[in-house]
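Heads up, the thing below is written out as structure tokens.
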Amino acid sequence: MATGAKSFTFLLISSLFLVSCFCAKGAQNPVPIVNGLSWTFYDYSCPKAESIIRKQLKKVFKNDIGQAAGLLRLHFHDCFVQGCDGSVLLDGSASGPSEQDAPPNLTLREKAFEIINDLRERVHKECGRVVSCADIVAIAARDSVYLSGGPDYDIPLGRRDGLNFATQNATLANLPPPTANASTILRSLATKKFDATDVVALSGGHTIGLSHCSSFTGRLYPTQDPTMDKAFANDLKGICPTINSTGTTVLDIRTPNKFDNKYYVDLMNRQGLFTSDQDLYSYNKTRDIVTSFAEDESLFFEKFVVAMIKMSQLSVLTGNQGEIRANCSVRNSDNSYLVSVVEEDLETKSELR
Ligand code: HEM
Ligand SMILES: *[C@@H]1O[C@H](CO)[C@@H](O)[C@H](O)[C@H]1NC(C)=O
Ligand SMILES: *[C@@H]1O[C@H](CO)[C@@H](O)[C@H](O)[C@H]1NC(C)=O
Ligand SMILES: *[C@@H]1O[C@H](CO)[C@@H](O)[C@H](O)[C@H]1NC(C)=O
Ligand SMILES: *[C@@H]1O[C@H](CO)[C@@H](O)[C@H](O)[C@H]1NC(C)=O
Ligand SMILES: *[C@@H]1O[C@H](CO)[C@@H](O)[C@H](O)[C@H]1NC(C)=O
Ligand SMILES: *[C@@H]1O[C@H](CO)[C@@H](O)[C@H](O)[C@H]1NC(C)=O
């Protein structure tokens, strides 16, 4: 009886404590968090995880700010295909840089994978095999937004790494093509519980980064998309002289490396690169949202944060589902180094939180 009462009191106190932690971290985020994730997940097991990642990314971006876009898109692809489980990182994944069959519009930057593996090594050197690759990708995407000039915000942590990558078919089925119109994009993202505001806000990820010609030359040849500004189209034709050109260009012509609301100003000036971008301004259910973000950057940032926290929780693995990968590119059972080093010890260490 006494023990029961004691542990009840303990439970009460610890849940009060948890509630107060919740209010401190993540309080500004009006997004419900899924069971198993937490704002304070590594506070005991790896308190420096987030600061190690941010410090290293500052260095990386000082050298090449373009890598921020690669990391942001990596998280988007991870989450949309089979959930934010780090499966996009596994060798053989359809989005991997080594995937020769994948169209270039699908392939992610090779360097993004290297950066994640390097961060994984730094974090595990400090804490042991405790922080998942999926969480590292989520934190890196958040830092990419902030370090490019965007909002800073907390994300819930505690994702586990998946054991299998998605097939190429599943990958294509979950990533809408840039040729899609706004109503198709809205319908596709509604299956993941994103509303029109979320869709317009998430598309604002295109305020940084690059695209291959093949992702938009269908708007130039054989006939020019009438919704595209003529001078803009002529510039693009210079960069991509044929429908099969292999060049690249920036997604946001005004401020290509800055995370700001200029992407929406581009759309209002008919300078959106993809049909999926420009049509957000043509379509009457999204047009006013585009205008409101172009006029008010802090409104865009607020809605972007909400949508990103939603995205970062899509079909996550938690608790003892999946694993914590020792190498983000391979699952542990395929990792000959790990298997020879006695898996048990490392698992135990990772459970100590
Ligand atoms: C809504 C549907 C979306 C479509 C159709 C789409 C399509 C694309 C395409 C075709 C590219 C260029 C790929 C290439 O040719 O190299 C691209 C790049 C990019 N996308 Fe998206 N995207 C979408 C949503 C998102 C979301 C939700 C984010 C993040 C919040 C995002 C962030 C990026 C970034 C940062 C790049 C540049 C990557 C780099 O420079 O390496 N996209 N997207
Ligand atoms: C993948 O999709 C293609 C074309 O839609 C289809 O022919 C093929 O059978 C699919 N493969 C699998 C494994 O589902
Ligand atoms: C990429 O381009 C191919 C055609 O080359 C298209 O079938 C596919 O839907 C596009 N996917 C994305 C995500 O852009
Ligand atoms: C959007 O694209 C879909 C699929 O190609 C098409 O059926 C639909 O009519 C288009 N909607 C608009 C408003 O253009
Ligand atoms: C582009 O590539 C396609 C398929 O490879 C080919 O049929 C077409 O002739 C090419 N067009 C140009 C303008 O090079
Ligand atoms: C949006 O456009 C559709 C047809 O293109 C029309 O039926 C609808 O009434 C319009 N809605 C608004 C809010 O303007
Ligand atoms: C991680 O796995 C990849 C693929 O097997 C391998 O090339 C790489 O060397 C490994 N990295 C480390 C640090 O063991």
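Just so it is clear, glycine is given a Cβ too, placed from its N, Cα and C backbone atoms.
For C79, the cysteine that TrEMBL lists as its disulphide partner among C46, C84 is C84. Among T197, T207, T318, only T207 appears in TrEMBL as part of the Ca(2+) 2 site alongside D252, T255, D260. Candidates considered were C46, C213. The record in TrEMBL pairs C127 in a disulfide bond with C46.
Among C133, C240, the cysteine that TrEMBL records as disulfide-bonded to C213 is C240. With the fewest other C-beta atoms within 10 Å around its C-beta, D260 stands out among the binding-site residues D252, D260. Per-residue confidence over the domain 'Plant heme peroxidase family profile' (36-332) averages out at a pLDDT of 96. Cβ neighbour count for H77 (active site, proton acceptor): 22 (other Cβ atoms within 10 Å of its Cβ, all protein chains included). Each residue contributes its Cα atom, and for T207 (Ca(2+) 2 binding site) and H77 (active site, proton acceptor) these two points are 17 Å apart. For the binding-site residues T207, T255, the largest tally of other C-beta atoms within 10 A is found at T207.
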